[in-house]
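Asker: Below are the structure tokens for one structure; questions will follow.
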């Protein structure tokens, strides 16, 4: 039953709609990860910055790798560390990098997020949503145990013609229609494998096919499934500090060890799992998710152009 991503790739192409290849745990290996994932059929990587400390790394990575789409945002975990002029700095990055999208931003009431003032989270999130609307760019959103708050804020700030990417979506099926009406796309990662399969299936069935995206959230969200061949990440195990530095594990899973860092080529495992729950061919889901991501990331100035992606 086990199928390696390399073998699975020959008939499909995939778009990793949300990852963090600039993460200190894998940044040195990122060029080789991109090459390997590209060889397996992954055509694009939306790489999300999470704080002022890594936006320049994302920008540099996008300059060096044509397949990387840069995204700049302030993640709720890093709200307490923001500088007084963080918004001016963020605007400057978008001015210098017109191909960038907004993200990662969002709300978190999980085990780590609840230690951070929620009012400040909301303020920072709203400012980035307004910036995304102003710049006509999509925004990648992290939400943990705060979907009610998220829906109300999106209703107040929206609609969002350029789209909202709900990354590693683990909300309920009942939340889907309201979020979809506001312009949301639902991006699925390896965290989905931790949800009860019956609940996951119900949620997936509620998502319109033209709003489904696939992602890895690499180096986090390692799929937890039996009988699959994970692609491993070559890392320098001598770097003791990288483990705890600047992670974005969306609180649904424990901080991964060096032995369980996620590789962007593992998006094939996410594809296989989602397709099985939706009871549809993998190739059909792969193409639909690629088409959806292409549409979402085809904003003015983007590297992505729909006519060039239809080959």
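All positions are counted from 1 along the displayed chain.
Positions of Cβ are set from backbone N, Cα and C atoms, glycine also.
Keep in mind the model is a prediction, meaning the values are calculated, not measured.
For reference, TrEMBL lists these features for the protein:
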type: BINDING; residues: 18, 20, 104, 217; note: divalent metal cation 1 binding site
type: BINDING; residues: 142, 167; note: divalent metal cation 2 binding site
type: REGION; residues: 237-259; note: region 'Disordered'
Asker: How big is the Cα-to-Cα gap, in Å, between residue 167 (divalent metal cation 2 binding site) and residue 18 (divalent metal cation 1 binding site)?
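Answerer: Approximately 7 Å lies between the Cα of residue 167 (divalent metal cation 2 binding site) and that of residue 18 (divalent metal cation 1 binding site).
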Asker: 10 Å Cβ neighbour count around residue 18 (divalent metal cation 1 binding site)?
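Answerer: Within a 10 Å radius of the Cβ of residue 18 (divalent metal cation 1 binding site) lie 30 other Cβ atoms.
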Asker: Determine, to the nearest whole angstrom, how far the Cα atom of residue 18 (divalent metal cation 1 binding site) is from the Cα atom of residue 142 (divalent metal cation 2 binding site).
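Answerer: Rounded to the nearest whole number, the Cα-Cα distance is 10 Å.
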Asker: Quick one: pull the CA-CA distance for residue 142 (divalent metal cation 2 binding site) versus residue 104 (divalent metal cation 1 binding site), whole Å only.
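Answerer: Taking the Cα atoms only, residue 142 (divalent metal cation 2 binding site) lies 7 Å from residue 104 (divalent metal cation 1 binding site).
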Asker: Suppose we draw a 10 Å sphere around the Cβ of residue 167 (divalent metal cation 2 binding site). How many other Cβ atoms does it contain, all chains included?
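Answerer: Here the count is 29.
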